[in-house]
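Here's the structure we're looking at; comments come further down.
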Protein chains: 2
Amino acid sequence: MSELRWDPLKLHWVIIATERGRRPRDFQSEPEPLPVTSCPFCYGNEDKTPPEIFAIRPSGMPNTPNWKVRVIPNKYPALRIEGELENRGHGPYDVMNGIGAHEVIIETPDHDKSMADLAPAELTDVLVTWRTRLLDLRRDFRFRYMILFKNHGARAGASLAHSHSQLIAVPMLPPVATTELKVCRTHYANKERCLFCDLITFELEQGVRVVREFSNFVTLAPYAASFPFELRLYPKRHSHDFALMNDAQLAELAVALKDMLMRVKLVLKDAPYNFILHTCPPMHKRPGKPAMWTSLEYDYHWHIELVPRLTSIAGFEWGTGFFINPTSPEDAALFLREAEV
Amino acid sequence: MSELRWDPLKLHWVIIATERGRRPRDFQSEPEPLPVTSCPFCYGNEDKTPPEIFAIRPSGMPNTPNWKVRVIPNKYPALRIEGELENRGHGPYDVMNGIGAHEVIIETPDHDKSMADLAPAELTDVLVTWRTRLLDLRRDFRFRYMILFKNHGARAGASLAHSHSQLIAVPMLPPVATTELKVCRTHYANKERCLFCDLITFELEQGVRVVREFSNFVTLAPYAASFPFELRLYPKRHSHDFALMNDAQLAELAVALKDMLMRVKLVLKDAPYNFILHTCPPMHKRPGKPAMWTSLEYDYHWHIELVPRLTSIAGFEWGTGFFINPTSPEDAALFLREAEV
């Protein structure tokens, strides 16, 4: 059973994933890329993964081929779904048992296609699957937040090359989400406007950091990007929850997401990247506990954040929480805007 | 001129190092290791670096060989020393010019020695140099904080193999330091005890996370380590400021630091690592501005934090601020404690 431990100096939780139990020699070598025949995410190898949770499959039985998108539990989960939450002190520390969910969304049966290569209709299936899984996990009152993310490339943390994203449900609100939600709430309380809407309006006026604008979405390089070629993809109209997007909206988002991934692939020569979906946390309350967040409809704004892994986080970044970005967001936007996709 | 930009959503400053101005192709390839003859940190190549700021050199002129430790300005500084601080708004954002200092401490003339290989007396010279440079930079009222750190190995961000550490002075307190100082202040206000002293006492009683104890120092794996084999080196007796250590204390610290680095080298097969010195910020106030921190003598406790770079920070960590550590601190301490150094 994993443990969540509270760092009393940095004020954050750490997941000690003892089931992975990695010893010194486990870190010595890079994992070998798997041949297609033994890839657990390919057709015919469905029995090499835990039984599927969800799939888009025009016909046929679960855990057989012919699916378009397939969702499975992570074989080596950071957090486990079984059990009750326990939250207790330990001397000067705090510890919680590692309850959560850790799912893998296999985005395509094609071993050699990256997410950028998927057709908009295929990408729409992936987005519909994200929405389905988010809505389902929100029904579990133990979970305070769901993080949907993708690691593309070994240097970005992908342990398997076959294109996939991941969904982790955690029993408490993570620090990044807490800060964002608090900042938005304060801004709304002061101004009765969404902070993200204000920033998007300013960016569309300025133009220099805009990479591509669609009818309902915009891709831009954030003003204070922590990393070179960092990007955000926003819905232009206010919307606090990705899971409320209808199929037509997801179809347009698929086009915008593909455009963003294609530009990154082209300009940065298929650099490794991470992207993260930031959406509002579930609004439910735990039985016997107060709700942490209610009525975020007005103050929060969902978005996708993409970070190409071009530089490494070194001593300065880890030790300070400051970031040094050697490419200005205006230059990054220019390079990406001019790419011919 | 670099710029410091405020991220209004994540509430941190980012250094946009426009002078480095890295374009897409600059990220394509790993830097080639330099041959010794052209290494700017080797004897005889002193003219390949900016003129030295400080050196421990038994005899001879500045910028000539025969030094033991040599300090130079970084040739590609993240922040520049010249100019006045300007802090202004820009639409919904905030921006400051990139004033600061960025120094490189060349720890040994020997190109092939890592820091772990240095004799305790050689390491003491490095520590004395750190103290000298910290005290000198504190005289500049523009700087709010100094971060002293080391990147060992290319994967940990070292761009040159020749052993060196870096010292960056920044015009505002970084988020990691702010949190730590606030937490310590609150703990002291409530309990009239140093939080670090409390944690060290508990750890020495428990023993399971202690790697090595010396008369006045202790190396341990923190209870909520964010990374596998993460370590802290603490003075056992309360001390808020590294720069107040006398020569005898630095000589004992050199032995403890070498012991920590040797264990990491041995057990993790010379894994890349970062370490960071956390010490109290300068206590001065800027002319015309209030002091940010005063009288930290009782609440803060300096220490060195070491993070081996065994795992990569991926989408989950960046997107949440949570960390997944696949090796428990108790296991890490056991492996390191049993290493025969």
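Backbone N, Cα and C define each Cβ position, glycine as well.
No curator has checked TrEMBL annotations; they are predicted automatically.
The active site, tele-UMP-histidine intermediate annotation in TrEMBL covers B:His164. In the three-state DSSP reading, B:His164 (active site, tele-UMP-histidine intermediate) counts as strand. Taking a C-beta cut-off of under 8 angstroms and a sequence separation of 6 or more, B:His164 (active site, tele-UMP-histidine intermediate) has the following same-chain neighbours: B:Phe41, B:Val104, B:Ile105, B:Ile106, B:Glu107, B:Lys150, B:Ala158.
In the three-state DSSP assignment, the secondary structure recorded for B:His111 (Zn(2+) binding site) is coil. The Zn(2+) binding site feature in TrEMBL is assigned to B:Cys39, B:Cys42, B:His111, B:His162.
The domain 'Galactose-1-phosphate uridyl transferase N-terminal' annotation in TrEMBL covers B:67-174.
Look at TrEMBL and you will find B:187-305 tagged as domain 'Galactose-1-phosphate uridyl transferase C-terminal'.
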In DSSP terms, the domain 'Galactose-1-phosphate uridyl transferase C-terminal' (B:187-305) comprises 41 helix, 22 strand, 56 coil
Whole-number mean pLDDT, the domain 'Galactose-1-phosphate uridyl transferase N-terminal' (B:67-174), equals 93
Report, in sequence order, every one of the recorded positions (B:Cys39, B:Cys42, B:His111, B:His162, B:His164) having a CB within less than 8 angstroms of a CB belonging to chain A; if no such residue exists, report 'none'.
none
Quick check on the binding-site residues: of B:His111, B:His162, whose CB has the lowest count of neighbouring CB atoms inside 10 Å?
B:His111
What is the total of other Cβ atoms whose distance to the Cβ of B:Cys39 (Zn(2+) binding site) is within 10 Å?
18
Does DSSP put B:Cys42 (Zn(2+) binding site) in a helix, in a strand, or in coil?
coil
